[in-house]
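Per TrEMBL, the features are as follows:
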- 1-55: region 'Disordered' (REGION)
- 19-31: compositional bias 'Low complexity' (COMPBIAS)
- 88-113: transmembrane segment (TRANSMEM)
- 147-168: transmembrane segment (TRANSMEM)
- 179-201: region 'Disordered' (REGION)
- 184-197: compositional bias 'Polar residues' (COMPBIAS)
- 203-318: domain 'Phospholipid/glycerol acyltransferase' (DOMAIN)
Amino acid sequence: METELHDVKPVPPKGHVISDSPSPASPVDDASQNDDRPLLKSDSSSSAANGRVSDESLEELNKKYAAFARHDVYGPLGRGELPFVEKLLLGVACVTILPVRVVLATLVLFSYYSVCRICTLFSAPNRDEAAEGQDDFGHLRGWRRTVIVSCGRFLSRVMLFVFGFYWISESFRDLEQEQYPPQGKSSSENEGKNQLQRPERPGATVCNHVSYVDILYHMSSSFSSFVAKRSVAKLPLVGLISKCLGCVFVQRESKSSDFKGVAGIVIERVKEAHEDETAPMMMLFPEGTTTNGDFLLPFKTGGFLAGAPVIPVILRYPYQRFSPAWDSIAGFRHVILLLCQFVNHLEVIRLPVYYPSQEEKTDPKLYANNIRRLMAREGDLVMSDIGLAEKRIYIAALNGNNSLPSVLHHKDD
């Protein structure tokens, strides 16, 4: 999905929706080719030359792209001017806890890689002909699968501890599903099906996406399979671990027909997990990208096509200095600043299994929207209509790229 910029809108109170959908009368492709209007207003030629964003323009950007704006002491892109106390704390952390955490994290990573390497010896990966590059070890059974899952859950929690997440607050909500009927339908029209009367096994966990830390948490709690970029499979150490998780690999910018094959694999995995207790569950981040943790982006419908029950999970990262949200900050810088923070916090809200009605099973868009509304309400999140394309525009603008066509050449998956 590609979009044009619109007039700046103030951030609404929580529970409202931010809408930034492109006008049907203005096709996006035409705008990408012909619209050379600057994204930012420059107060001076020197600021434009330095690639800096003026305070006025930054405020406008943060309002329009509120779902990706950082509000911690490190500012936009993690490059803000720090107060003296923060500089002092950062300096102390860089020479004390940072080296220790880097060493410990490396040891944990190598340890689990060794476990995965041993458990996959003399075992051929499962290759799916429906999509190119799909091979994994999620099909392993017996002692191999037991060791991979047990060690993976334990070492993932150890890694979270190394990252400063010493305590994780988990809460479980007991809800009646009839309280959340499909949009435009009454509770009676929702068939009055109570979750207690539907003890089916869920096929996937659905979660908001805030940080790469999300994956570590879900590995430690349920060890689910993920949808990951194809490049992850080729990374040293992490590549084999992702294959042992049974990840489904996608190529974001691919224009080939393998997207249909990938979607089919996800649907099959969800159905398999729903029907087979020994099969790994899928972990879905239907937003398709990360936010600052206060918003919920539109859900993609691919994971809901299977019509299987899902477990909604909401993650929050309370902070005082540095936000663990990986929204608009470079990956390496984010990891360093996260490791330099003495204590990090994670709050988890687990909702009951959501059993779709017959109407939701036949309409995956309705199913996805109802899950999204439920998670927004229970997690006190603001629903926004922007997505990955707007995130790219925002980050490009913060980096001083004020040419509209140059940041819209990527397609949203």
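The backbone N, Cα and C atoms fix where each Cβ goes, glycine too.
Where the annotation comes from TrEMBL, it is an automatic prediction and has not been curated.
With a cut-off of 8 Å between Cβ atoms, the residues of this chain six or more beyond the transmembrane segment (88-113) that come close are 82, 151-152, 155, 158-159, 162-164, 237-238, 240-241, 321, 336-337, 339-342. Averaged over the domain 'Phospholipid/glycerol acyltransferase' (203-318), the predicted model reaches a pLDDT of 87. Across the domain 'Phospholipid/glycerol acyltransferase' (203-318), the DSSP tally of helix, strand and coil residues reads 43 helix, 24 strand, 49 coil.
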